[in-house]
Amino acid sequence: AGQEVAQHYNQVLQSSIASRAESRAFYLRNFNNWVKSVLIGSHLRIIERQFINSDIRVLDLCSGKGGDLLKWRKGGVAKIVFVDIADVSVEQCRRRYGEMAEQQQRDGRGRLPRAEFHVADATAVRLRDLQPAWPQFHLVSCQFSLHYCFQSYQAARQFVRNACESLLPGGYFIGTLPDANEIVRRLRRKPGSEAAFGNGVYNVTFSSSAVKTQQVPLFGCKYHFSLEKQVQDCPEYLVYFPVLEQLCSEYGLRCTLRQNFAKFYRDHVTQPEWRSLLGVMQSLEPYPNADGVELKSQVEGDYRAAQAYLNGDGRCDTEEDERDRNGPVGTLSMEEWEAATLYMVFAFQRAE
Ligand SMILES: C[S@@+](CC[C@H](N)C(=O)[O-])C[C@H]1O[C@@H](n2cnc3c(N)ncnc32)[C@H](O)[C@@H]1O
């Protein structure tokens with residue numbers, strides 16, 4: 001299974017900024033990125049308060065092409081270790097880091113974290129054995145990846161063990177992953193033996209409808225996920241959260257955060273700093289659209305939430321709400337929101 005994942009990610013081409021902007025899921029991708037930024041930023045802050053005057057070390061587990069590199073740099077991290085199973089992705093990550101280092105030398109601003117890069121299957125090897133003195137980290141981050149690692153009990157256990165034993169006492173293990181309860185709930189809402197659900201943006205397909213009627217297996221419960229009707233992604237596995245919690249607790253970790261993206265968004269959007277980051281990252285679509293700009297979704301009723309808000313339906317608590325109602329407001333189309341709320345955030349802390 002590891003080889004299949006590596007092959008898949010090695011073949012995914014880096015899309016250009018222009019083609020990303022054209023994508024139907026442009027705002028969804030930015031929104032997901034915002035969630036990661038807030039999760040990472042808020043935990044780096046907790047860690048800084050806890051480990052005063054320490055050089056913060058981070059393990060980016062399943063780091064891919066280094067999509068979070070800028071977040072680590074902005075967060076003032078001192079050292080970052082990237083691990084991924086796909087060698088081409090790790091190479092791209094290394095190149096990205098090199099470009100950043102060159103640019104930093106040119107303009108001499110900011111501090112770049114020291115970095116290490118490793119190609120490894122974290123479900124099969126013990127990361128501690130990768131080098132003689134594997135460091136312990138203040139933060140282990142696993143973004144949009146845990147669901148590839150639950151194909152069996154052994155794989156999941158090895159993965160969680162790697163994350164947990166890489167942590168310093170008091171350190172945090174954070175991440176984003178599909179919400180298994182939400183997936184099964186949406187599947188079971190489908191009538192008859194239909195074993196798939198989704199919309200114009202995303203699709204989830206199980207190979208059989210057994211999950212609808214029978215007990216869901218704790219490991220190896222396979223499905224395929226696709227975004228924007230592209231070629232189907234490599235297999236993913238349901239991660240039943242209490243199982244993750246149990247595995248982590250066996251290594252001395254306790255859950256401190258477990259939230260669907262919808263709740264996480266609501267809890268953080270009220271804080272000015274995270275709210276303004278939404279704008280900076282273009283994480284919401286302006287509605288109504290400006291002249292000459294086409295809305296991302298052409299589906300009837302896909303902007304009804306924004307429309308209702310502008311109409312003044314529902315609560316209006318603050319002066320800011322009053323101002324917002326003159327439009328445009330930032331929103332996600334219903335189809336993108338449905339895709340976003342398939343995911344959840346988590347955090348665990350290692351006992352001190
Ligand atoms: C959806 S990408 C996420 C990449 C990155 N964390 C991000 O948020 O942009 C999932 C990544 O998990 C990696 N991966 C999957 N299984 C893995 C394993 N067993 N060990 C290490 N990396 C793995 C894949 O190669 C891929 O780069």
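Cβ atoms are placed via backbone N, Cα and C, with glycine included.
Annotated domain 'MRNA cap 0 methyltransferase' per TrEMBL: 23-351, in sequence order.
The mRNA binding site annotation in TrEMBL covers Asn32, Asn33. Within 10 Å of the Cβ of Asn33 (mRNA binding site) there are 18 other Cβ atoms, across all protein chains. In the three-state DSSP classification, Asn33 (mRNA binding site) falls within a helix.
Marked as S-adenosyl-L-methionine binding site by TrEMBL: Lys36, Cys62, Asp84, Asp121, Gln143, Tyr148. The Cβ of Asp121 (S-adenosyl-L-methionine binding site) has 19 neighbouring Cβ atoms from other residues within 10 Å, across all protein chains displayed.
DSSP classifies Lys65 (site 'mRNA cap binding') as coil under the three-state reduction. Residues or ranges marked as site 'mRNA cap binding' by TrEMBL: Lys65 (among others).
Take the CB of Lys71 (site 'mRNA cap binding') and look out to 10 A: across all protein chains shown you find 20 other CB atoms. Under the heading site 'mRNA cap binding', TrEMBL lists Lys71 (among others).
Residues or ranges marked as site 'mRNA cap binding' by TrEMBL: Arg96 (among others). According to its DSSP assignment, Arg96 (site 'mRNA cap binding') is helical. In sequence order, Lys65, Gly66, Leu69 make up the list of same-chain residues 6 or more apart from Arg96 (site 'mRNA cap binding') whose Cβ falls under 8 Å from its Cβ.
Non-local neighbourhood of His147 (site 'mRNA cap binding'): Leu177, Pro178, Glu236, Tyr237, Leu238, Val239, each in the same chain, at least six residues away, with C-beta under 8 Å from its C-beta. For His147 (among others), the entry in TrEMBL reads site 'mRNA cap binding'.
According to TrEMBL, the feature site 'mRNA cap binding' maps to Glu236 (among others).
Taken from TrEMBL, the feature site 'mRNA cap binding' covers Tyr343 (among others). In the structure as shown, the Cβ atom of Tyr343 (site 'mRNA cap binding') sits within 10 Å of 20 other Cβ atoms.
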Rounded distance in angstrom between the Cα atoms of Asn32 (mRNA binding site) and Lys71 (site 'mRNA cap binding'): 13
Field: Top Cα neighbour of Asn33 (mRNA binding site) in the set of recorded positions Cys62, Asp84, Asp121, Tyr148, Tyr343
entry: Tyr343
Task: Determine the C-alpha span of the S-adenosyl-L-methionine site listed in the record, that is the greatest distance between any two of Lys36, Cys62, Asp84, Asp121, Gln143, Tyr148, in Å to the nearest whole number.
output: 23
Message: Which recorded positions from the set Asp84, Gln143, Tyr343 have a C-beta atom lying less than 6 Å away from ligand 1?
response: Asp84, Gln143
Residue from Lys36, Cys62, Asp84, Gln143, Tyr148 whose C-alpha is spatially nearest that of Lys71 (site 'mRNA cap binding'), among the binding-site residues: Lys36
- line: Simplified to three states, DSSP reports Asp121 (S-adenosyl-L-methionine binding site) as coil
